[in-house]
Structures are given as structure tokens and as C-alpha cells.
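Following: one structure in C-alpha cells, then a few remarks.
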Amino acid sequence: MKTDTSTFLAQQIVRLRRRDQIRRLMQRDKTPLAILLMAAVVGTLTGLVGVAFEKAVSWVQNMRIGALVQVADHAFLLWPLAFILSALLAMVGYFLVRKFAPEAGGSGIPEIEGALEELRPVRWWRVLPVKFIGGMGTLGAGMVLGREGPTVQIGGNLGRMVLDVFRMRSAEARHTLLATGAAAGLSAAFNAPLAGILFIIEEMRPQFRYNLISIKAVFTGVIMSSIVFRIFNGEAPIIEVGKLSDAPVNTLWLYLILGIIFGCVGPVFNSLVLRTQDMFQRFHGGEIKKWVLMGGAIGGLCGILGLIEPEAAGGGFNLIPIAAAGNFSVGLLLFIFITRVVTTLLCFSSGAPGGIFAPMLALGTLLGTAFGMAAAVLFPQYHLEAGTFAIAGMGALMAASVRAPLTGIVLVLEMTDNYQLILPMIITCLGATLLAQFLGGKPLYSTILARTLAKQDAEQAAKNQNAPAGENT
């Protein structure tokens, strides 16, 4: 009997020691294994939430379109209903952002960059529900926004949530898990794991603290996020444009010309985004009623636009393969391009919860295809395929605007599965980036972050000035 009791006690002691070792391992922030395990958790959660966000947005869009189909034969009902449904959905997103989490407005990527520098707060308990539900409203309304920015911000906030739940207190763990979540978010949005890694290294290079632990954590999170995405959505490329032909060496100079065009377009586009933001700020002046009504009007107009010209509304993923296939004339491509520039400015600059990656990719596709079709007419001896210029244009506008050419190249190649076009992509994106920099253009996300920080400092200074003298001493 004593022997059985002794054996039982020995087993209990061994179990307690193992639990204590695991607990101490998880509490030691400097332990790479603990951070890597947490990175795997962050990547898995980001993949699950990213897939759920995609499905939720699609569900809202299908419900809205289904309601319109029911009254398609009655024009006097169709047009008002299209406006009202999209307006109400958009107003939900604008209201939630303005009321509960202003940092959830817009793309969210500048907020993650600011958080990596410890300059912006990460209130995940507010941002996660607001960004998810608000994004369902604005994207479901058919507004010209993408889901990649929200997914990146959601991923970063999930990283901070995991950090808080497991009480990891070191600055290294806090920074690493935030970056891991952001990279996993981009991977989950585009099914582009390598682009997710490069996005953190390239776009967030001023903020990302590169070391062996942090980069391994980012790799781990992106792997888990991609696995989750592919379990639910399969392994097919997210944009189906088919296998395009190679670009002959004697045509590569045309891709440099295309890059020069985007090098001019990028800074102009960025400037228009910032000016439109200022215009909206002057209009609503921070008043929630004006802001929500303004958002409802923009959402309603996008709903109407979706009836008139479906290609001019929505994020643009459905438009890209249609445009790249050469189904539109050059004139129609340019018309849709201009229309989508206007709608992108209105939707994104108004502060709606939604990204600008997908709209920029669509804009690049439209202009690239138009250039390719024109070049095919001017140089028939080259037997050009307009789709190859569409692929190059997708990455070029992003390279010129965001100033992340490597991310743009890899992202487009992963999304379209046309890796044979890597050389023309490099030429186009490099030309666009160099000219945009030469013209004095600033990276879009960095500029938005700088404006946010300036506004934050001004608000803090005003609070300090208005505070009683006793509180400042």
C-alpha cells in the first residue's frame, strides 16, 4: 500500500514539475520558443479571422444583391433600394468607427506602423469588433475598398491580444507579435505568404526590428495563416488570369515606359488622396452626424454606381481578370480607370474602414491593359499580349504609391501565378519607384501616419493647454 502511495506521489511530483517548467518557459519573454509558439497562435487566429471576414463580407454583398434582384423588374423600387441598402450598410461602418474606435478607420496599416514605433495605441478590444463589423458594412455596401488593410490591422491587433492574454511583457515580444499578426493578415487576405513577409521587411522597414527571433516569428505566423487560408479556400491563385506568354527581350523597353507612366501617376494619386482627406475633414469637422451622413451618401452612390457600371464599384478583384483579358476597348478602360480613381478617393479618403491595396491593383490593371492594347496596335511586329502589361501595371502603381516595389512584384506574381513575368515586373516597378522618388513623391502610408501623429500631438497639446494649472504641475 505504501509502495502504491509513493508511486502515486512520485507521478504527481513529476507532473507538477513538467507543468512548472512549461509555465516558466511561457512566461520567459526572452525564450525564442515561447515567442515562436505565440507566433503560431497569432498566425492561426489571423488566418481564421481573415477567412471569416472574407466570408462575412461576401455574405453581406450577396444578401444586398439578392434583395436587388427581387425588385429588378421594378425600376421605381430598384434604384432607391440600391441607394438605401448601400447607404445603411456604409453608415453602420462609419458610425462604429467614429463612435468606438477612430483608429479603425481607413486602411489600418499606418496604425500598425505607428504601434510598432510605440507611437499609436493598440486597443484590440475595440478595434477587432469595430474593424470586422464596420468592414462588413462598408465593403458589403459595394464601396471601392479592399479587405487587405483591415485584415492586416486585425492581424496586428490579434498579435497584441495574444500578448496580453499570455501576459508576455517584454518589448521584444510585443513588437514581434504585432509584426507577425500584420504579416499573417496580408498573407490571409491575398493568399500570398512571401508577400506578407516582404511587406513587413520592406514597407515597415523603419519600424520593424529585424533579428533572428522576429523574422522566424513572422515566418511562423505567415505559414500558419496561409495553411488556414488554403484549408478553407484551396490553393488556386486568388486572381485567375490564366497563363500568360513570356515577354520577349526586345519588348522590355515598353515595360520601362509603362513604369515611367506609373512613376508619374503614383505621386499624383497620393497627393489626391491627401487632399481629399483634407476636404472631408473640412466638411464634417469631426462631427459624428455629418460624418455618418456623408459616409451614407458615398455608400449609396456606390450602390447606384454598381447598377450603372458594376466594374466601377467594389474592391476590384472581379474586375481585374475581365480587364486583363482585353474585354474592354482602350477608351472604356480609361473611362473606368478615371471613374475608379474618383470613387477610390471618395471611399478611402472619407475614413471608411477599408483598404486601398485592392483598388490600387485594379487601377494598375486598367491602365496597364490600356497601355498594352495601344502598344499592340502601334507595334504589331512584337505580337504583344495586353495581359502581360496588366500584370506589370498591377504592381507598378503600388510600387510608386506605397514605395514597396519588391512587395508589389511578389504579391502580384503570387496572386496571379505568372512567375515567368518576373523580369518585366521588376523593370516596370523599378522604373515607377525611381521616377516617383525623383519627382518628390512620399510613401502613402508613411505620410498618412505622419499626419495622424501630428493630429495626435496637436490634440494632446490642446488638452494640456486647457487643463487646470494644477494638473500640469
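Cβ coordinates come from backbone N, Cα and C, glycine included.
Look at Swiss-Prot and you will find 1-32 (among others) tagged as topological domain 'Cytoplasmic', backed by sequence analysis.
Swiss-Prot lists 33-69 (among others) with the feature transmembrane segment.
If you look up Swiss-Prot, you'll see 70-76 (among others) marked as topological domain 'Periplasmic'. Mean pLDDT for the topological domain 'Periplasmic' (70-76) in the predicted structure: 86.
The transmembrane segment annotation in Swiss-Prot covers 77-100 (among others).
According to Swiss-Prot, the feature motif 'Selectivity filter part_1' maps to 106-110. Beyond the motif 'Selectivity filter part_1' (106-110), the same-chain residues lying 6 or more positions past its ends with a Cβ under 8 Å from any Cβ of the stretch are 127, 131, 149-150, 152-154, 156, 182, 203, 348, 351-357, 445-446, 448-449, 452.
Residues or ranges marked as chloride binding site in Swiss-Prot: Ser107, Ile356, Phe357, Tyr445. According to its DSSP assignment, Ile356 (chloride binding site) is coil.
What Swiss-Prot records for 109-116 (among others) is intramembrane segment.
Per Swiss-Prot, topological domain 'Cytoplasmic' is recorded for 117-123 (among others). If one looks beyond the topological domain 'Cytoplasmic' (117-123) by at least 6 residues along the same chain, the residues whose Cβ comes under 8 Å of a Cβ in the stretch are 101, 103, 111, 156-157, 160, 178, 206-207, 452-453, 456.
Marked as transmembrane segment by Swiss-Prot on the basis of sequence analysis: 124-141 (among others).
Non-local neighbours of the motif 'Selectivity filter part_2' (146-150) in the same chain are 53-54, 57, 106-109, 131-132, 135, 139, 185-186, 189-190, 315-316, 353-359; each lies 6+ residues outside the stretch with a CB under 8 Å from one of its CB atoms. Marked as motif 'Selectivity filter part_2' by Swiss-Prot on the basis of sequence analysis: 146-150.
Under the heading transmembrane segment, Swiss-Prot lists 148-166 (among others).
The feature topological domain 'Cytoplasmic' is assigned by Swiss-Prot to 167-176 (among others), with sequence analysis given as support.
Within the same chain, residues 35, 38-39, 42-43, 46-47, 50-51, 54, 109, 112, 115-116, 122, 146-148, 151-160, 162-163, 168, 195-197, 199-200, 204, 208, 214, 217-218, 220-222, 224-226, 228-229, 357 sit at least 6 positions outside the intramembrane segment (177-189) and bring their C-beta atoms closer than 8 Å to a C-beta of that stretch. Sequence annotations record features per position, and here Swiss-Prot assigns intramembrane segment to 177-189 (among others) based on sequence analysis.
Summarising the annotation, Swiss-Prot assigns intramembrane segment to 193-201 (among others) and lists sequence analysis as the type of evidence.
Break the topological domain 'Cytoplasmic' (202-214) down by DSSP state and the numbers are 5 helix, 0 strand, 8 coil. The feature topological domain 'Cytoplasmic' is assigned by Swiss-Prot to 202-214 (among others).
The site 'Mediates proton transfer from the protein to the inner aqueous phase' feature in Swiss-Prot is assigned to Glu203.
No contact links the transmembrane segment (124-141) to the transmembrane segment (422-438), because fewer than 3 Cβ pairs that are 6 or more residues apart lie under 8 A.
Mapped onto DSSP helix, strand and coil, the topological domain 'Cytoplasmic' (117-123) counts 0 helix, 0 strand, 7 coil.
Glu203 (site 'Mediates proton transfer from the protein to the inner aqueous phase') sits 9 Å from Tyr445 (chloride binding site), taking the Cα positions as reference. Around Phe357 (chloride binding site), the C-beta neighbours below 8 angstroms that are at least 6 residues distant in the chain are Ser107, Gly146, Glu148, Gly149, Ala189, Phe190, Met398.
Of the chain residues outside the chloride site list Ser107, Ile356, Phe357, Tyr445, Gly106, Ile109, Gly146, Glu148, Gly149, Phe348, Gly355, Met360, Val402, Leu444 have their Cβ within 8 Å of the site's Cβ mean position.
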